Amino acid sequence: MKIFSAKQMQKADHATMQNQQLTSLELMERAATQVFNIIHNKLNGAAVPIHIFCGIGNNGGDGLVVSRLLITHGYHVKTYIVNFSENRSKNFLANYDRLKETTNEWPIQLKSEEDFPEIEPQSIVIDAIFGIGLNRPLVPWVAQSIKRLNTLRCFTLSIDIPSGLYTNKVPEDAEAVIFADITVTFQLPKLIFFLPQTGNYTRDVQVIDIGLDRNFIVNESGVGELIGPYEAVSLYKNRAKFSHKGTYGHCLLIGGSYGKIGSVVLATKAALRTGAGLASTYVPECGYSILQTALPEAMVITDDNEDLIEEITFDYEPTAIGIGMGIGTHEKTIKAFESFLNTNTHPLVIDADGLNILAKNPKLLKKLAPETILTPHPKELERLIREWDDDFEKIEKVKSFSKENNCIVIIKGANSMVIYNDQLFVNNNGNPGMATAGSGDVLSGIITGLLSQGYTPLHAAIFGVYLHGSAGDLVAQKNGFEALIASDIIDHIGNAFLELFKNSKNVDKNQ
Ligand SMILES: NC(=O)C1=CN([C@@H]2O[C@H](COP(=O)(O)OP(=O)(O)OC[C@H]3O[C@@H](n4cnc5c(N)ncnc54)[C@H](O)[C@@H]3O)[C@@H](O)[C@H]2O)[C@@H](O)CC1
Ligand SMILES: [K+]
């Protein structure tokens, strides 16, 4: 599903009005009615007090529509207007008048902090103060009111986005943003829902189809793409009946050092579970028995050095290579890594200490094979691209880095992101249980396994991250977060593949 900027959402609005012969007021009615339907379906007429806070723009207009519909359906509603500006939008005013025609209980005007109402804790709050139009800092009394709303701890539903969030930068005051239990957002997800600095303002997001112009959405390239089951299944490559193990490639996992051979075991096992035809490993001598015992399916090539890798030589042409897991940063290893990069032309994934070596020796970046995949977690990323001011700048820096070095970067974490040139792909499956030793080794193995089967590097990166998250979710459903270990993820890669086809009905209507 595409992710649009605020400007693109406005353009989609206009295209819709033009092509469907709608007024903006009619579009607002359609959108807000859907929000009402969600609330009505959940509450089913319950006599719970509902407090709706409306701004004076179109987000406020949505709030007024929801208010009117709730009142006409018999709910106990109080409506407040947060008067942060005199410039009330046309559709706000139209819906303000319609609300006044519907009920004798006119909206309560808020103009300063003193006007903030008493609200019972069992109430529901609907936040329609600001939507995607916020473009400057909040005046102090509005910021204070938002903070007061947060202290109430009422169940809070935000319309479109939690008020106080910009769509393209982090808020000046991190406390002056609504903390929503759920955000009902229009048509497409917004990038802010997925970033570490802005994603915590809502526990849950529901994207609702308000019938915006499909042609426009299909033809406009978004600021990013959310990878869901629909996108993932479309990347899957079928296995042919008359294929053999050679069809699916012979990958090579290079890594390990004394005490860290497990990382290579995990990566190699993950590559095989993902479907690589054959897998070899290149490890220090001390890894030989460990690998042959732990993973009889893999072949083992060893370095002459007992404890670390000091020369990388192998006498076959791997279809794909994963390097770096547990490899260490010994000077001899750095030399071996450098001469490997000098000659390597095979599709490549670099992880862990491989990334740390690159960060310490940036000149090596020029030696990467085209479209090499780098899989840093945030600390490794910082070593590679240096600090960033906020998550938005981080994305821009990674895009430049990707362009400069013709590589694909996977920023690992909750909502891992895949960046290639100016393209951004967001993955939102996976769970906090996956923050555990070896989880990254498994991801590198999965991606190497996909490369080995002929997936393009970009597809291998996107699909690999998705499969990894999905396998982790399947484990967590059975065992919870705490008990999840990396080997469990490997054990569920098969189910993650099966899950793809269970979910294939989950079609994105915007495609
Ligand atoms: N396709 C869509 O996205 C649709 C959007 N609609 C609604 O329209 C919203 C956008 O509406 P608006 O563009 O009117 O913007 P908002 O309602 O988000 O903001 C209100 C207006 O206040 C002004 N403003 C911004 N920051 C301010 C500040 N700090 N202090 C004082 N004033 C400030 C701006 O001029 C802005 O237009 C969406 O979030 C959504 O709720 C729906 O009504 C219909 C469909
Ligand atoms: K809002």
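All residue numbers here begin at 1 and follow the chain in the order shown.
Glycine too: its Cβ is placed from the backbone N, Cα and C atoms.
Annotated domain 'YjeF N-terminal' per TrEMBL: 9-218, in sequence order.
Residues annotated as (6S)-NADPHX binding site in TrEMBL: 58-62, 131-137, D160, G326, H377, D441. The Cβ of I132 ((6S)-NADPHX binding site) lies under 8 Å from the Cβ of A6, M9, N59, D160, I161, T167, K190, each of these being in the same chain and 6 or more residues away along the sequence.
In the three-state DSSP classification, S163 (K(+) binding site) falls within coil. According to TrEMBL, the K(+) binding site annotation covers N59, D127, S163.
Annotated domain 'YjeF C-terminal' per TrEMBL: 228-500, in sequence order.
Per TrEMBL, AMP binding site is recorded for K412, G413, A414, N415, S416, G440. Taking Cβ-Cβ distances under 8 Å and a sequence separation of 6 or more, the neighbours of A414 (AMP binding site) in its chain are P196, G199, G430, P432.
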In chain order, residues whose C-beta lies under 8 angstroms from the C-beta of D127 (K(+) binding site), counting only those at least six residues away in the same chain, are F53, L149, T156, L157, S158, I159, P162, S163, I178, A180
Within 10 Å, the Cβ with the most other Cβ atoms among the binding-site residues G60, G413, G440 is that of G60
Cα of S416 (AMP binding site) to Cα of H377 ((6S)-NADPHX binding site), in Å and rounded, measures 9
Taking N59, R136, S163 as the binding-site residues, the residues having C-beta under 6 A from ligand 2 are N59, S163
Residues sitting within 8 A of the centre of the N59, D127, S163 CB atoms (K(+) site), not counting those, run F53, G55, G60, G63, A128, I129, F130, G131, S158, I159, D160, I161, P162, G164, I178
For N58 ((6S)-NADPHX binding site), the closest of the binding-site residues by C-alpha position, picking from K412, G413, N415, G440, is N415
Whole-Å Cα distance, D62 ((6S)-NADPHX binding site) to G413 (AMP binding site), is 34
